Each structure stands twice: as C-alpha cells, then as structure tokens.
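**Q** Here it is, the structure in full.
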Amino acid sequence: MMNEQWILHGLQLVLVMGMLAMGWLYTRHLRANNLNWLTGGWKGFLIGFVTDFGDTIGVGSFATTTAAFKMTNYLDDDRDLPGTINAVHAIPTMVEAIFFLTAVQIDWPTFIVMTIASILGALIGPRLTAHWDAQKIRRALAYMLVLAALVMIYNIFFLPDPSVAKHALVGWQLWVGALFNFTLGILMTLGLGNYTPELIFFSLMGMSPLVAFPVMMVNSAAVMSTAALGFVKTHRLQWRGLGSIILGGIVGVVLAATLVKNIDMTILRYGIVILSLWTAYGLFKETRNVAKAAAALQDEIGE
C-alpha cells in the first residue's frame, strides 16, 4: 500500500512539475511577444473550455479544436495549427491526468505495463511507420471500431450486468493489453487518437471503462507536452490567445472530470458506442477526402 502511494505521489509530482515548467516557458515567450496570458479574451476561453471538456469525457480535442479555429478564423496562419493545438492542450491534459490518477481506482501493474507499452510504441513508431500507408490503416481502424461497437451493443442488451467493478488486467489479459497499447502507441505517431480505442478495449475486457481514463490521459500528457516543446523551439505556433485557451481548458477539465467520475456506467457504455461509431465515420470520411484530393491532383498532373 505504501509503495502504491509513493508511485501515485511520484506521478503527481512529475505532472505538477511539468505543468509549472510549461507555464514558465509559455510566460517567457508571451512576454517576448508583448502578450499577456489573457490575450484572446472570451473567444479563446470558450474554445479551450469546450474542446478540453470534450477531451476529458473521451471525445478528444484535436478535431474539435481544428473545427473551432476554422469557424472563428482564430489562426493567422494554418501552418501553425499542429503546434498551437499541442501547446494549448498540453497543460489541461496534465490536469486531466492528475485528476483521474486520484479519482479512479487504479491497478498499478495494469497502469504501469500499459503506459510503458504505449510509450515504447510511440518511441519506435516514427521509424517503423515511415513507409506505411496511413490511408489503409485509418480504414482498417474504422472497420475495427464498427465491429467493436457492434460487440458492445450486444453486451449492453444481452449482458446487462457486466463486472464493472473489475479494475485490473491479469494473466493473458495483461499481455494482450500490453500488445494492444504498444500497437496503439505506434499508431499515435500516424496521427491516430488513443481515446476511443482505449475505452473500447477496456470495455471489451469486461472492465470499468473509467479505468481507461488514467492510462489514456497520462499517455496523451506525455505525448502532447513533448510535442509542444518541439513546436515552441521551432516557433511553429500562434502565441496570441494561448493563455485564454489554456485557462478555459483547465476549467472545462475540472467540470467534465467531475461529471465523468459520477456518471452511470450504462450511460457511459452507450456513450462509448456512439463515440466509436462517430470516430469510425470520421476516419472513413477522412480517407475518402484524401482519396478525392489525390485523384484531383492526379487529374491536374495529367492535364
């Protein structure tokens, strides 16, 4: 028990130090650009609030933030989109991780094994996937999400009383979980999200979907903060509005995390089904749009 508390406090300390370091780095650059933390006003605050609220309940933040930026013409240069998204969500994602580490019952062997597996996958991913066909992977993942959603629908109607109290992977399930997260870590380097697959996996393993939240939040916090540092160093982000979005994001995280913690498991299971089908639709749509763009480019070259 004491060892578990030391692990928990150690992770929390690392996350808090990460937040402080990112905050110091952002403050220094905002001052260098003659901006203050609240530049961007209510528009930035609302963007952060809505997108990180959605991120905390498992929707993710990349697609919603991109849509919000497009609708409000928030960015001066679309080339700054990836860097800005990583920068504005790095700190709120750390807040998410801190909250779910304490709000959800965690089996530390499960958490540690799956987190390490994901990080290892992300480390080798860039070299391993350099020549992979991202289109085929997105399409395959979309089909798998649809299949998983159908299995979950079956479980909801024919297995109405799942073992939602189960909070650990043991034996062969832990090995499967490690392999799953290792693969997911690799796929994250292709720009594929980890939230929906994590929720689906834990649900299909007969576990409480809430167990997925600490794992996926810590993974995302590590990936996004590392990416944000790289974008800051290369100046590939928009500083205007950064502080307002982060502040709104933190408020959205606190509100949404409280909601998720107290949500009914049946409602959460239905939500995961809807989320998986929506994500699959988005992947199918993305592959179709890329194919159309490639065909149009080929026609132009042919002319």
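For all residues, glycine too, the Cβ spot is worked out from N, Cα and C.
Sharing the record's features from TrEMBL:
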TRANSMEM  7-26  transmembrane segment
TRANSMEM  46-69  transmembrane segment
TRANSMEM  81-102  transmembrane segment
TRANSMEM  108-128  transmembrane segment
TRANSMEM  140-160  transmembrane segment
TRANSMEM  172-192  transmembrane segment
TRANSMEM  199-222  transmembrane segment
TRANSMEM  242-260  transmembrane segment
TRANSMEM  267-284  transmembrane segment
**Q** Would you kindly list the residues that approach the transmembrane segment (46-69) from elsewhere in its chain, counting only those six or more residues past its ends and only Cβ-Cβ distances under 8 Å?
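**A** For the transmembrane segment (46-69), the sequence-distant neighbours (Cβ-Cβ under 8 Å, at least 6 residues beyond its ends) are 75, 81, 84-85, 88-89, 92-93, 96, 193, 195-196, 199, 213, 244-253, 255-257, 259-260, 271-272, 275, 282.
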**Q** Three or more CB pairs closer than 8 Å, sequence separation of 6 or more: does that hold for the transmembrane segment (267-284) against the transmembrane segment (7-26)?
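**A** Judged by the Cβ rule, the two regions do not touch, with the required three close pairs absent.
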**Q** Could you pull out which residues elsewhere in the chain have a CB under 8 Å from any CB of the transmembrane segment (81-102), counting only those six or more residues past its ends?
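**A** Answer is 8, 11-12, 15-16, 18-19, 22-23, 26, 48, 51-52, 55-56, 61-62, 65-66, 69, 75, 213-214, 217-218, 220-221, 224-225, 227-228, 231-232, 234, 236-238, 242, 245-246, 249-250, 252-254, 257.
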